[in-house]
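Among the features that TrEMBL reports, signal peptide is placed at 1-25. According to TrEMBL, the transmembrane segment annotation covers 230-252, 293-321, 327-351, 363-388, 394-416, 454-473, 485-511, 523-543, 555-583.
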């Protein structure tokens, strides 16, 4: 409890210092007078179907009537790919305008070709007005039933209609539309004079300022969406109940029969008649191979599970409201840094329980087990983003900030946690003595081997979250908004329970088959759901999305590989811990000579 309260206090201090309020809000609380300048920022442009491939607004040959000013952004906003700059349109509070000229520009042949290319790729723009997001397409392609692309006509939208709703002295809502009557023909390769114009209309509304973000939340909680979400939960609950009943049957009937049988064998004092899981009592607690790697995996998995729990806590109290730019990325970076001590403590403590001696190497392995692949993936993908000149490329200053967080927070806490774990000096609690020489494992049928067992262990937890995965992917890799974190929390809890139950059941069958090498098997079976999620990535990319291009493909599969690897470590840790409790319980319940 002390650790949790300390972590919560550190998180609150950080969020207030970084300007991210850990309470339900909408980011801006500005009051305006008539004629006051309300900030309008142009964020980014990019192909609609490739959410990771975004560019700066003025990378396209737009014009501006004044020097472009960049908005200072927080760490999470930069990680999110936001690059806000002052827009060419001036929207004063309650100031109506009719076909006002924002700026004029003569587009060269190269500019025309560039606009024509992005219009063909369905480029959109994103802006923020008083922290409210708005979007629009840059132009349209008129095909008129023609099959030859060379005959298509390309038009640029050069007029925007802003409709703004206000309540007294506050901005409540903004809608932007492109006027189909104001078009610039860019079909031919020739210079074109373009006047970028806009119209502003103000309307009063009774919606209070505190509820101005609700329309974005309602978009993800429409009645038909909620029905599907609840169907997913009901389906998952049925799975949990079936597995619970299955496990209860094992514990109440099969184990009870085993206990009665073994008690009878003890009265007969006939060790030769021992069969099943009691026969291997002298080997079941024999320390596994590569124990340093196992301890490191448990340490990293425990840290990632703690990270997930804190993220859900922040989501449930309303930190991640729609378009709170970068709040999630900020929370991920900071909480991961603050929980690194948990990874060091868990890994070093377990490693020393397994009679490991080189705890320093174990702590280093723990710190690099997840961060190492993540760093390699980031280095490659950031290089790709730099080559594309996309906003996903992190500036050098941001990379320095992340490095300082790792050097000044993550690493020291990891080492301190490792020292605390090493000094704990607790012994491994094994209810049975381990024999000097290991017993030979009998030949196993193909379905009792590691890969088939992993397939069985991963399928049921994955089936419990399958329906919800689509909405998560559509939010992370699309333009949907996900706000139903209460349902997501329930689904995550079900995932944890199902993973623990199925891993325990498979561990029992493995021991009953007189296979005592359950340590690594339980971790691999528990984490196999991460492999199923990555397989779903292939299905989603090719069947459910319209993503294309090398950059978007590499970003999708690269970062999803890291996320699924994190799920593998986290769920593998849950599976191993559940199996360890189960194995200790059943062997503590019998007398072993």
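Even glycines carry a Cβ here, placed using N, Cα and C.
Please treat TrEMBL annotations as automatic predictions, because they have not gone through curation.
Residues 53, 292-293, 295-297, 299-300, 303-304, 340, 343-344, 347-348, 394, 406, 410-411, 414-415, 417-418, 550-551, 554-555, 558-559, 561-562, 565-566, 569 of the same chain sit 6 or more residues outside the transmembrane segment (363-388) yet have a Cβ under 8 Å from a Cβ within it. Cβ atoms under 8 Å from those of the transmembrane segment (485-511) belong to residues 229-230, 232-233, 236-237, 239-240, 243-244, 246-247, 250, 254, 276-277, 280, 284, 308, 312, 315-316, 320, 448, 453, 456-457, 460-461, 464-465, 468, 472, 518, 521-522, 525-526, 529, 571, 574-579, 582-583, 586 of the same chain, restricted to positions at least 6 beyond its ends. Same-chain neighbours of the transmembrane segment (555-583): 52-53, 284-285, 297-298, 300-302, 304-305, 308, 369-370, 373-374, 377, 380-381, 384-385, 392, 457, 461, 477, 495-496, 499-501, 503-504, 507-508, 511, 518-519, 522-531, 533-534, 537, 541, 547, counting only residues six or more beyond its ends whose CB sits under 8 Å from a CB of the stretch.
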